[in-house]
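Since the structure comes first, as structure tokens, the remarks are kept for the end.
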Amino acid sequence: MAITDWHENDRPREKLLKFGAPHLSDAELLAIFLRVGVKGKSAVELAQDLLDHFGSLERLLNADEAAFCEAKGLGQAKYVQLKAVLEMSRRHFESGLKKGEALTQPEKVARLLQHHIGHQSREIFGLVLLDQQNQFIQFVPLFTGTINQATVHIREVLKTVLDHHAAAVILAHNHPSGDPTPSQSDRDLTHQIQQGLQLIETRCLDHIILGDHGRWYSFTQQGIL
């Protein structure tokens with residue numbers, strides 16, 4: 001049955017307008033993005049097939065170009081459209097961080113980082129740079145390693161802080177394994193960077209590790225920093 005034959009309250013677009021986006025399922029939201037289905041399948045049915053194929057909405061949104069474009073019903077035009085939407089979302093979120101509010105809550109930092117390094121297949125280490133009032137300046141990715149290890153040079157960390165005139169930093173990296181629990185090497189690295197930052201009188205406020213499914217670990221929240 002075509003979506004146009006559904007009851008008005010069940011059609012994704014009409015449902016969103018009447019009840020709001022939070023009331024739609026992942027498949028319904030994706031169907032609005034897709035706009036049309038394929039032969040024999042409505043946009044909602046195609047959307048559900050794609051979610052099943054990728055395993056989750058998060059994995060679909062973060063799929064690389066090759067994996068995304070080879071899926072039935074998608075393609076390069078949709079890939080470009082999706083990346084543009086995600087980039088607009090990131091810019092919108094970051095614009096709200098630059099309006100004078102201190103960025104010290106681990107939850108908000110983790111949300112920021114999801115836009116940058118969430119669900120990457122390789123480990124990425126970066127810095128959230130803050131000013132004297134702990135207001136957001138910029139996120140700077142610094143090092144990319146293998147799935148199991150990122151090589152971090154403290155000299156480059158300090159140079160980045162000085163180049164951006166940051167007064168405080170939050171360390172950040174992802175665990176592609178999905179488990180955000182820090183390893184002993186994560187703890188040792190954090191301590192070494194913290195000592196280096198002290199030499200240039202820069203505060204290290206936290207180290208956030210991202211896992212999967214929205215999980216994250218805060219060194220400050222756990223009393224390590």
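Cβ atoms here come from the backbone N, Cα and C positions, even for glycine.
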Swiss-Prot records H173, H175 as Zn(2+)-binding residues. Which of D163, D186 is assigned to the same site?
D186
Which residue among the binding-site residues H173, H175 has the fewest other Cβ atoms within 10 Å of its Cβ, if you could check?
H175
Below 8 Å Cβ to Cβ and six or more residues apart, same chain only. Which residues does that give for D186 (Zn(2+) binding site)?
H173, H207, I209
Could you tell me which three-state DSSP class H175 (Zn(2+) binding site) falls into?
coil
